[in-house]
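Colleague: Pulled from TrEMBL, these are the listed features:
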type	residues	note
TRANSMEM	34-54	transmembrane segment
TRANSMEM	93-117	transmembrane segment
TRANSMEM	138-163	transmembrane segment
TRANSMEM	169-194	transmembrane segment
TRANSMEM	252-272	transmembrane segment
TRANSMEM	311-333	transmembrane segment
TRANSMEM	354-376	transmembrane segment
TRANSMEM	410-433	transmembrane segment
TRANSMEM	445-467	transmembrane segment
TRANSMEM	473-489	transmembrane segment
Amino acid sequence: MTAAAAAAPLRRGGSRPLAGTGTLLRLALRRDRLLIPAWVLALGLAVASTGSAFETLYGTAAERAGLAASMNANSSLRALYGPVFSDSVGGLVAWRMAGLGAVLAAVMSLLIVVRHTREEEETGRQELLSAAVVGRRAPLTAALLAALIADAGLAVLIAAGLAGSGRPAAGSLALGLAVGATGLLFAGLAAIAAQLTESARMAKGLTGAVLGLAFALRAAGDAADATATSLPTWLSPVGWAQNLRPYAGERWWVLLLFPASTALAVSAAYALTARRDLGMSFLPARPGPARAPASLSGPFGLAWRLQRATLFSWTAGFVFAGGIFGGIAKGAADMVGGNERTRAIFERMGGQQGLTDAFLATMTGLLGMVAAIYAAGSVLRLRGEETGNRAEPVLAGAVGRLRWAGSHLAIAYLGTAVIMTAGGLALAVGYGSTVHDVTGQLGPVLGAALAQVPAVWTLTGLAVLVFGLLPRAAGAVWALIGGVLAIGWI
């Protein structure tokens, strides 16, 4: 009804390719009136709080210089965070948040663009809007403008927040522009993915894969070279964001890479839009077999088929993260140096006295927190099956509602154990290889990882409760998960 009401004022646009763009933009902003402010405020506050944290934990120039030297001397930590270009508070904020902020801005942008392009076509809403003769380029243009507004707002908030807290204005502006420009570039890449793929899930996955590749290139380049001048770093937009070097003699010319590459991506997306029909794609799914295999004869087999790709992706991600965290665990002492306040925080968060053990315990807790996100998404797949009208044919047969839901919940619970096991094994192997004691570390580290599983299962149960009692408010699960995890981290 909302889409129909918003589409009503549209008028016949004839051959005008941008007819109706303004109305579609207003509709997009109305639909994202909670999503965009939440993302922008959360990221902006995260950057501001990072500055306050560094002022508290590393209050003297000597402490900050020691931290910077330790980070730049450790290739594993450079791969994770990048090199430190300045040991000022602003420089440390840029070191910690330029890459991370760029990645999160990219995620925000790809979600916005895919939501208002491919997802609209997939659900049939775009066909309804097009009945009022919307220009061919209008939906894509409106989605890109919505992403532009979000990224511009994020850039302004970051720059204003840092400058307002006493950081140099030039560095604050550079950091804000680096994060916002990266987000806008990935909006253009998401626009291309929306034309190539036939589903919103595939478009998000394709753009996410490009983002993962960009991060991996940046990590490989920074691990090889502490000056961030290696070729892999310069092949990555995330590396560009860091190489703008806020608070460290800003390289303003690096900004030119963003509008140039964004213009190329957007132009390619428009060219692809002109060459396909509504609802079509350049990478259509392969037709399935004439007969379904025996594994799809029951609800569990169907649930496994629907969720296995997600589980495999999460498992691979946990293996990668566990290996990285394990590889840098030995350098935990270097990371905090002689800073007793930071040392005490790690020991409190890890619950153990040994700094390395505290770091490993903290990392297993972090993996557990991320696993809760997987579990919540797996539970909410039930709601997606309902709203997508895919559950109705299954329930119309001999499958009961509890059996149908139980099959998906089994994947959620068992999948959590699988990804935590994978992450724990990778963490143990990564750390054990650095201390030449893989066998000795396997049991304790894997046990610490598996100890997080019951807590994740509890949060999974809360997600099931929300879905069962308030299915229309199932999205509130994310707020619940986020609140619980924030309390646990603090």
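Just so you know, glycine gets a Cβ as well, placed from its N, Cα and C.
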Colleague: Using a Cβ cut-off of under 8 Å, list the residues of the same chain at least 6 residues beyond the transmembrane segment (410-433) that approach it.
Modeller: 300, 303-304, 307, 311, 314-315, 318-327, 329-330, 360, 363-364, 367-368, 371, 374-375, 378-379, 439-442, 444-450, 452-453, 456-457, 460
Colleague: Do the transmembrane segment (169-194) and the transmembrane segment (445-467) share at least 3 Cβ pairs under 8 Å, sequence separation 6 or more?
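Modeller: They are not in contact.
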Colleague: Could you give the residue numbers and ranges of same-chain residues that sit at least 6 residues beyond the transmembrane segment (138-163) on either side and whose C-beta is under 8 angstroms from one of its C-beta atoms?
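Modeller: Tertiary neighbours of the transmembrane segment (138-163) are 13, 17-21, 24-25, 27-29, 32, 36, 39-41, 43-45, 47-48, 51, 90, 93, 101, 105, 108-109, 112-113, 115-117, 120, 126, 129, 169, 171-173, 175-177, 179-181, 183-184, 187-188, 191, 194, 266, 269-270, 273.
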Colleague: Counting Cβ pairs under 8 Å to the transmembrane segment (445-467), which of 34-54, 93-117, 354-376 comes out on top?
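Modeller: Comparing 34-54, 93-117, 354-376: 354-376 has the most Cβ pairs near the transmembrane segment (445-467).
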Colleague: Using a Cβ-Cβ cut-off of under 8 Å, list the residues of the same chain that are 6+ residues beyond the ends of the transmembrane segment (34-54) and lie near it.
Modeller: 64, 89-90, 92-93, 96-97, 101, 104-105, 108, 111-112, 146, 149-150, 153-154, 157-158, 161-162, 165, 167, 175, 179
